[in-house]
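**Student:** Take a look at the following structure, please.
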Amino acid sequence: MSDKQTDKDEKTGLSRRGFLGASALTRSAVAASGLVGGVMTRDSWAAAAKEAQQKIHVAPGELDEYYGFWSGGHQGEVRVLGVPSMRELMRIPVFNVDSATGWGLTNESRHILGDTAKFLNGDCHHPHISMTDGKYDGKYLFINDKANSRVARIRLDIMKCDKITTIPNVQAIHGLRLQKVPHTKYVFCNAEFIIPHPNDGKVFDLEDENSFTMYNAVDAETMEVAFQVIVDGNLDNTDADYTGRFTAATCYNSEKAFDLGGMMRNERDWVVVFDISAVEKEIKAGRFITLGDSKVPVVDGRKKDGKDSVVTRYIPVPKNPHGLNTSTDGKYFIANGKLSPTCSMIAIDLLPDLFAGKLKDPRDVVVGEPELGLGPLHTTFDGRGNAYTTLFIDSQVVKWNMEEARRAYKGEKVNYIKQKLDVHYQPGHLHASLCETSEADGKWLVALSKFSKDRFLPTGPLHPENDQLIDISGDVMKLVHDGPTFAEPHDCIMARRDQIKTRKIWDRNDPFFAPTVAMAKKDGINLEEDNKVIRDGNKVRVYMTSMAPAYGLTEFKVKQGNEVTVVITNMDQIEDVSHGFVMVNHGVSMEISPQQTSSITFIADKPGLHWYYCSWFCHALHMEMVGRMMVEPA
């Protein structure tokens, strides 16, 4: 077979590659040099490689164009990267315990974690930034916890989690997206697994009428659950439209099965579309129930005797769909086939007619179903009419034109596939710059590959993931960077750096540590001046200031068995002068950044002298920033 024929087969999806496949760098370099089908010289190869490196190089002292926010998967955190350099800037602990900052240990963080502080794990997949009029407003980032059915909110001005909500009466919050217009009023999140209601151990049959899962909406400001909608089948991924009326979610288990074979039995599953305005009307009219001890209004969105609910419509699509993505032009919900080589294009402007009963068949809203390759999982967009879909089995990203795919669905002979690019290996999510908004700029794309195999130095049986940066600014995709990541990012999101406004030091009136300020006020303490010990029966509260390189208290005395709370206020006013506090041999560690108040509580269970020290290098005399706790025997 000639090179020309091979290229043709790749574009039309006829060729089936091996697992490792051809080098993506080779393909990109050839394309960049204009030598498709030819032989590269040493000079042309070097020129292409140099061009790729120049694209992503951010010189010392210069700043990246974008903030990237990566989910940490079952590590439980959010990671902040600069794009295009792919340099890691910060880690934001959310559902995990972090000994550097004290997240999960400090009283402030445990107050935010609430009753779920007992969980030491999390599984976060989908980070999304709040919006106004379909554009990022940089106020919040939201993320799910599949492991313990939670949703968290991160304040982007301080890059700290400030609210965590447990979703009641469901299991495994997976897909998460935000209302885009007029602003992010709701955080929409899918509960993946079907459970009995009540889930009290008396019923285990998933076929039971009272076994179901629910679609959930969380108020973005209060972080209270606003409503839940019962659905047929299960829920996977979700997204919202650009009108504020519709959201949609994929279902891969319409069979309500619990085994692999059962979940793949049906040739078609569905996308369920929610009319959010109709849900709100049902609740306002009092047509809802509540479940168990929860006061959250629950609307039934299941079909009854073949008749649709007023709040949902079920659109059949090929089997076991996974990703659900809204095109940046607001025209389509794209459902990614997973076990089908296709993506289904749902025309959002036809949904009002579907809900009004003007269409004979729910499939009438499907206006395109392009065949793309094996294992399509997620789709992103460049704002120029092109979509980019990950092909998990083929280990590729495929670029295709949406309007041409729609024309092909009508029978026109048109090649909607523009390029297939090898990635390394088995990509899941992918994300283009600003692609969740109406401002998609078509510059960069990240393919989050699940396997790295031979791409990096070996690290034992556990390998890093591979997040690959792809230049999509031109007509041809070019792979420009491999980025190893620790387990296991699922998705990422990119915003322009001007859209994120961060504080340099803390505001003394910040609500993050308001409960600690209130406690100090009750004790008659001025946190910015006082260095005192308050004794309250068996409880001891130690208040101190800190200014590098010294604590306001260099020693304090307690009794064995006392519950000790140490409260420290960092009085430095220079950015980046963070202090730490570690009590040796007590499992105590926390960060106190400039103008922040932090506190931590522990039991002084060992008599004797115990040193505490500053764990952050805040000063040349950082080693001398110490103190001692003297514990008298009981």
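Using the three backbone atoms N, Cα and C, a Cβ is placed for every residue, glycine included.
Pasting the feature list from Swiss-Prot:
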BINDING   His125, His174  Cu cation Z2 binding site
BINDING   His126, His429  Cu cation Z3 binding site
BINDING   Tyr252, Glu255, Met263, Asp269, Asn320  Ca(2+) 2 binding site
BINDING   His322, His378  Cu cation Z1 binding site
BINDING   Lys450, Glu465  Ca(2+) 1 binding site
BINDING   His490  Cu cation Z4 binding site
BINDING   His579, Cys614, Cys618, Met625  Cu cation A1 binding site
BINDING   Cys614, Trp616, Cys618, His622  Cu cation A2 binding site
REGION    538-634  region 'COX2-like'
SIGNAL    1-49  signal peptide
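Help me understand the surroundings of these features in the structure.
**Tutor:** In sequence order, Ser71, Gly73, Ile143, Asn144, Lys146, His174, Leu176, His490, Asp491 are the residues near His125 (Cu cation Z2 binding site), counting only same-chain partners six or more apart with C-beta under 8 A.
Mapped onto three states, the DSSP output places His126 (Cu cation Z3 binding site) in coil.
Spatially close to Met263 (Ca(2+) 2 binding site) yet at least six residues away along the chain are Tyr252, Asn253, Glu255, Ala257, Asn320, judged by Cβ distances under 8 angstroms.
Its Cβ taken as reference, His322 (Cu cation Z1 binding site) is surrounded by 21 other Cβ atoms within 10 Å in the chains shown.
Sequence-distant contacts of Glu465 (Ca(2+) 1 binding site), defined by Cβ-Cβ distance under 8 angstroms and a gap of at least six in the same chain, are Leu448, Ser449, Lys450, Phe451, Ser452, Pro484, Thr485, Phe486, Ala487, Glu488, Pro489.
His490 (Cu cation Z4 binding site) counts 23 other C-beta atoms within 10 Å of its own C-beta, drawing on all protein chains shown.
Packing around His579 (Cu cation A1 binding site) is summarised by its Cβ count: 29 other Cβ atoms lie within 10 angstroms of its Cβ, all protein chains included.
A 10 Å cutoff on Cβ-Cβ distances gives Cys618 (Cu cation A1 binding site) a total of 23 other Cβ atoms nearby, all chains included.
In the predicted model, the region 'COX2-like' (538-634) shows an average pLDDT of 98.
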**Student:** Please report the DSSP secondary structure of His579 (Cu cation A1 binding site), reduced to three states.
**Tutor:** strand
**Student:** Provide the three-state DSSP residue tally for the region 'COX2-like' (538-634): helix first, then strand, then coil.
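**Tutor:** For that range the per-state counts are 3 helix, 54 strand, 40 coil.
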**Student:** According to DSSP, collapsed to three classes, what secondary structure does Glu465 (Ca(2+) 1 binding site) have?
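**Tutor:** Note: Glu465 (Ca(2+) 1 binding site) is in a strand by DSSP.
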**Student:** Near the Ca(2+) 2 site, what residues other than Tyr252, Glu255, Met263, Asp269, Asn320 in the same chain have a C-beta no further than 8 Å from the centroid of the listed C-beta atoms?
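**Tutor:** Residues close to the Ca(2+) 2 site, other than Tyr252, Glu255, Met263, Asp269, Asn320: Gly233, Asn234, Cys251, Asn253, Ser254, Ala257, Met264, Arg265, Asn266, Lys319.
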**Student:** Do any residues at least six apart in sequence from Trp616 (Cu cation A2 binding site), in the same chain, have a Cβ closer than 8 Å to its Cβ, and if so which, in order?
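**Tutor:** In sequence order, the residues whose Cβ lies under 8 Å from that of Trp616 (Cu cation A2 binding site) (at least 6 apart) are Ser578, His579, Gly580, Glu591, His622.
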**Student:** Looking at the binding-site residues listed here (His126, His378, Cys618, Met625), whose Cα lies nearest to that of Asp269 (Ca(2+) 2 binding site)?
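**Tutor:** Nearest in space to Asp269 (Ca(2+) 2 binding site), counting only the binding-site residues, is His378.
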